[in-house]
Structure formats: structure tokens, C-alpha cells
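Engineer: Before I ask anything, here is the structure I am working with.
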Amino acid sequence: MGTIIDGRGLADKIQHELKEEVAALKEKGIVPGLAVVLVGENGASKTYVKNKERSAQKVGIHSIVDRLPEETTEQALLMKIEQYNQDPTIHGILVQLPLPLHINEEKILQAILPSKDVDGFHPVNMGKLFSGQPDKLPCTPYGIMEMFKHYDVDLEGKNAVVIGRSNIVGKPMAQLLLMKNATVTIAHSKTKNLAKIAQEADILVVAIGKANFITADFVKSGAVVIDVGMNRDDQGKLAGDVAFDQVIDKASLVTPVPKGVGPMTITMLLSQTVSSAKEQMTVVR
């Protein structure tokens, strides 16, 4: 049986360190500030935002949550972002995705100052990542890399398969693995022979949004399996993309859902907010 990666425990450890860092900053008169903007009534988004708010408070970050109605116009949202761009007490800005269909997501993400883009989705920050000079990183891949570091997962020369090609997880995950000298394959919904490709993976990262899709048949014995999925199964129970009960017997390391990748994603958001506060104060002085 494989080892369960304790994402919650690692997140708590890092948050404790961040709390001490924030306390030291406050003694210098610096209070890291995070603005989270939520548009509409998406249930999952509301839950994510609540978790982010709670975690920010726990480490001592000053957080503002702007809850805007579904019918908020694109222009109104752009004005709100510009307000936070200009606010010296706000060091990180996060717009919770997905946005209502009448709002252009790309336009909104590009409106956030790259220096305050603690979600790592601005084209400038993506460009830095893909040119091998990472600055602000997408939080989920960043959190996964921290897990690899904590659990001493050697990536160099390993076959890594990333299932999913989104800008939020799949593409940046592949790039971060490449930067650690892994041999990376990206698979997606149009990939043929997915099981065969997955079986070659020493490192398997799954982000496809299908409950329990990856069974033991997809997994090489001794592989490290990272489950980014957050779904509801047929019984309405929270489930990842990986059939955990099957895969745990075959993998060397595997993340559970919940308490795996999710807590680390939020923790990296907080970490980048603290880093952003330090950078911006250096610029000011």
C-alpha cells in the first residue's frame, strides 16, 4: 500500500510559518492585503472564497471579499480591479473563476497588475514561467511542486504525465516539471490510448474533472499520483478524478480528495500575497 500525501498537514505547517512571517512584517508596519472578488452565486466558488478568507485570517493577512451580483457588468468589474490596483494596502488581487458568461475572463485577468496577480494567471506571469523565469505561479501547480519537495520526490529524468491542458493546472504543471528535468507528456480529452500513456508515468498528475475516472489500470506500480479533481460522484459524495481506494494499493504516493491538493492551492495563494507585500514595500522604499 502506498503513502497518502497529507496536503492538509503540509499546508498547516507552511501557514504556521507564514503566520510568523506576517507577524514580523506587521512589526515593520507592513500588513499584507488580499482582495478577493466574487461575481455571482456559483456554489463551489462561494465555498472556495470562504476557505480562502478563513485561511487568510488565520495567518494574519488583511483580506477583503467583494461579493458582486451576477449581473455586474464587465466595465464595473474592470473599475473594481483598477481600484485595487491603485490601493497601496492591497498586495494581492484574486478574481474567483469562473465568471458569468457575459464577462470576458481574459480581459479581466489581464486588467490585474502583474505584481498583484497572486493567482499567477496574468499573461506577463505566464510568459515569465514559460521562458524559464518564474515569478508569480498558478497556485495549484505551485502547491504540487511544494508537495514533491516535502516528500523528496525526485523528478529528474522521470516520465511525468499530466492529464489536462488548462492554463490553470495542466500547462503550467507541465512547464514546472520540465524545469525540474522530467520528461513530460500532456494528455487531454482527445488523446488516444490514454491508459497506455498513463501506465508509463512515474509521476501522474490528473486534472480532468471526471469523478473516479483514473482506476488502478491507468497506474504504473510505484507511481506518484496527484489528484487535482474536485467532483461529486453518483451518490453526491466529494470525489477526485482518481479512484483512490484502487490506486492507493498500486501507487507509492497518492493525494486524497479532500485534504490533498486543495489546501496547498490556498496556501500558495497566501504565500504569494506575503511575497508580493514584501516586494511592493521594497519598491516603495
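Yeah, the Cβs are placed from backbone N, Cα and C, and that goes for glycine too.
Unlike curated entries, TrEMBL annotations are predicted automatically.
Among the features that TrEMBL reports, NADP(+) binding site is placed at G164, R165, S166. Per TrEMBL, the feature domain 'Tetrahydrofolate dehydrogenase/cyclohydrolase catalytic' maps to 5-119. TrEMBL lists 138-280 with the feature domain 'Tetrahydrofolate dehydrogenase/cyclohydrolase NAD(P)-binding'.
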Engineer: Counting by DSSP, what is the helix, strand and coil composition of the domain 'Tetrahydrofolate dehydrogenase/cyclohydrolase catalytic' (5-119)?
Structural biologist: 61 helix, 18 strand, 36 coil
Engineer: How many of the residues that make up the domain 'Tetrahydrofolate dehydrogenase/cyclohydrolase NAD(P)-binding' (138-280) does DSSP mark as helix, as strand and as coil?
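Structural biologist: Final tally across the stretch: 54 helix, 26 strand, 63 coil.
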Engineer: For the recorded NADP(+) site formed by G164, R165, S166, name the remaining residues of the chain with Cβ within 8 Å of the site's Cβ center, in chain order.
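Structural biologist: For the NADP(+) site the neighbour list reads V162, I163, N167, I168, V169, G170, K171, I186, H188, A207, I208.
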Engineer: For S166 (NADP(+) binding site), write down the residues of its own chain that are at least 6 apart in sequence and whose Cβ falls under 8 Å from its Cβ; none is a fine answer.
Structural biologist: A207
Engineer: When neighbour density is defined as the number of other C-beta atoms within 10 angstroms of a residue's C-beta, which of the binding-site residues G164, R165 has the lowest density?
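Structural biologist: Across G164, R165, these binding-site residues, the one with fewest Cβ atoms within 10 Å is R165.
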